[in-house]
Amino acid sequence: MGHQNHTFSSDFILLGLFSSSPTSVVFFLVLFVIFIMSVTENTLMILLIRSDSRLHTPMYFLLSHLSLMDILHVSNIVPKMVTNFLSGSRTISFAGCGFQVFLSLTLLGGECLLLAAMSCDRYVAICHPLRYPILMKEYASALMAGGSWLIGVFNSTVHTAYALQFPFCGSRAIDHFFCEVPAMLKLSCADTTRYERGVCVSAVIFLLIPFSLISASYGQIILTVLQMKSSEARKKSFSTCSFHMIVVTMYYGPFIFTYMRPKSYHTPGQDKFLAIFYTILTPTLNPFIYSFRNKDVLAVMKNMLKSNFLHKKMNRKIPECVFCLFLC
């Protein structure tokens, strides 16, 4: 019992990405700017979708949930990195580490399923446009988004509970910038082989199957696009599909490489580098790739900026008019 209490009460140490060198300071500032950009972009995306009825479609409904996941994802990791870097302390409590594991697995799993749902939405919209209003009704998109969250939470709860029950009786130093399961398993003095097999099974369900579904959907979309008579429409569709596949590959590729390798094949440098892609870079790129290049989103953004500008202008003129009335 004493050993078990020691396991649950001791803090972990996050070795992180940064040292005290000038290069690390620059790298830290770059990542912090990326974090601010990610939160700002995704928050703006949610506000735009919620505020204008033109964006109340299944595609943008799913995109709003993707933006919410991305905000939570970067906010789960980067603030702790910033705090540790500025304070010089690298500790994280057992409960804090458990929460990071739970939230990151929830969001990573949920986003994998949500990206697959979004590819299905695009497949139906482009390949079966006449059936789109029937197949993609409001409840269908709500079911896709809700299912992604719920399945992500369930998977995360199981893995978090299982991973944290291992005894950590050696070093408490996690050679990573956040509490990630593969990095934590290296600290366990118990045999984690069976659990690693479970991680591989989950990786097949949450990574390989959705990625295969996305690839198949975009493959069918490309075949449909090739049959279009308009060269401009073909060019636009190919451009959109290629950007989407780049982001999907940037997200799934490092994620698959991290979670489908045995513990013995993991190196701290590789794991940290790969994790930057699916925890920080992809959430920043998603709004640009999926939304800000879209004419509808740009039109709504322009209208919002115009209305805010006119509102400020009117607020300035009202006091002037009142003053003139008093003078008269």
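Cβ atoms are placed via backbone N, Cα and C, with glycine included.
Both Ser53 and Thr224 are recorded by Swiss-Prot within identically named topological domains, on the same side of the membrane.
From the options 58-79, 168-189, the stretch Swiss-Prot describes as transmembrane segment is 58-79.
Shown in sequence order, Phe12, Ile174, Cys179, Met184 are the residues of the chain, 6+ apart in sequence, with a C-beta less than 8 angstroms from the C-beta of Cys97 (disulfide bond). The Cβ of Cys189 (disulfide bond) has 10 other Cβ atoms within 10 Å, all protein chains considered. Helix, strand and coil content of the topological domain 'Cytoplasmic' (50-57), in residues and according to DSSP, is 5 helix, 0 strand, 3 coil. In this chain, the transmembrane segment (58-79) touches the transmembrane segment (273-292); three or more CB pairs sit within less than 8 A of each other, excluding pairs fewer than 6 residues apart. Remote same-chain residues near the topological domain 'Extracellular' (159-195) are listed as 3-4, 6-7, 10-17, 76-77, 80-81, 92, 94, 96-98, 100-102, 104-105, 202, 258-259, 261, 263, 266, 268, 271-272, 275, 279 (criterion: CB distance under 8 Å, separation of at least six residues from the stretch ends).
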